[in-house]
Amino acid sequence: MRAFTRGLIGIAGFLALWELLGRSPLLPADSLPPPSVVFGELVRQLISPDFISHVVATVLAVLIAIGIAIAIAVPSGLVLGSVPAVRHATRAVIEFLRPIPSVALIPLALVMLGFGPETKITLAVYAALWPILFNTIYALDELDPLLVETSRVFGTGRVGVLFRVALPSALPFVLTGIRLAATTALIVLVSVELMAGADIGLGYFIMEARSGPGRMDQVLVGTVVAGVIGVLLNNGLERVRRRWVAW
Amino acid sequence: MSNMLEVADLGHTYGDYEAIGGLTFTVRAGELVCVVGPSGCGKSTLLRTISGLIAPSRGDVSLKGSHLAVVFQDYQRSLFPWLTVQGNVEFPLRSLPRAERRARAAEALEWVGLSAAAKKRPWQLSGGMQQRVAIARALAFRPALLLMDEPFASVDAQTRFELEDLLLRVRREHDTTVLVVTHDIDESVYLGDRILVLSKSPAKLVADLEVPLPAERDQVTTRTDEAFVALRSRVARLLNVGGKPAVDVEKWAAAERESLSETVSS
């Protein structure tokens, strides 16, 4: 409760600072609308079906991207983590691909995939793969040999060890990877929506508000909502981890 | 009595390092045999070759019966943290129908007095209770041979006594054949029907000793028994072959006997 109270004080302090800065003559007029204005606009937007559809589009794309990333990265991680030969063979390629910023792939993706939602989802999947993949591999490295020996003594075969021992034992690490991946996927999605001329999504909403009517209050509404989605994703997945894999 | 385990000229070498140098012994059905040796003498290698985790460089291990179970020293690392106590005990029984699996696990947990903890996770239990879960899991598997690797070396002295007595009780009640690997001389004498004394690496059999104590044992009276003290001293002397004993074992035994009887009378 004390931590919660302190958190509230922190937020209140941040809002006060923002309000002050927004109303100060240091910044050009209307470049940073104060929170009192932004939250007024937020309430208006939250009842606008148009805005809601932008939010839904982005959230849905995040969820799809995470789902696909999990479906690719977890099995790949299990193979790479348990078969050293495959891991050594793919190391150079992975080390090359991993540091490429997803945003740098936007032109390539646009040419290959066009302007539909598959472009932003593909790029988000690309970004979200790595934390899940590396956490899965790392988890298999950390797999306690005694657990494996115990199961082998009780007659468990290689495949049985993979599914009954390695996978459950890796689960906490994998979930941490998914949590990191979710935030990354959100960042990439909003970036692509902003830059690649999508026609729906939070990033598109932000871009439209700035370039059209120059409504900075709406820009900040989009930013705040994107931040809230990020916090909800992160906390939700952390709760899932604590509830289901609390060892 | 028939032999449950026959080990013939078992040897194992890691690269240039010879861990076991040709061991031959048997374990009879229903017997509890303790293997005792100096630390680093290849006891773990012996256990791993018998359990089939590694193939020995030479020699034969033949087990009468289809499977064995192992209880490791490190119970914290040997129990599956994502499974409940019940789930852990059921783990080896995957091939059985669900109902039978349940029943066997419940039965084994009752043997070790942990029925009430069936729904808990291993890490919610004390160290001694965790090791009891590992013992229940091994017993539920109904092994031809129960192998134990320093099973009580990681618990406090009080718990250790309790677990030793628990092992003696369950193996008597269920006629289990047990091979305990330990570095603890007292424990080997207290638990064993027979003691195999190993030399330092490469491990060879130094002595195969019958334990002249009644089947019913008691932590206080057995440990002060003349036969117990004499055998303990003998094993201690055997373990120091080729080297000067680190302590005067006879004197140490006498002193301990005295302090133990003092504790009892006070």
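Any Cβ shown, glycine's included, is placed from N, Cα and C.
Curation does not apply to TrEMBL; its annotations are automatic.
Annotated range for transmembrane segment in TrEMBL, selecting from A:21-40, A:161-180: A:161-180. Looking at A:96-115, A:121-140, A:161-180, A:186-207, A:219-237, the range that has the most CB pairs within less than 8 A of the transmembrane segment (A:51-75) turns out to be A:121-140.
Within the chain, the transmembrane segment (A:96-115) has long-range Cβ neighbours (under 8 A, six or more residues past its boundaries) at 122-124, 126-127, 130, 188, 191-192, 195-199. Taking every recorded stretch in A:161-180, A:186-207, A:219-237 and counting its Cβ pairs under 8 Å to the transmembrane segment (A:121-140), the highest total belongs to A:161-180.
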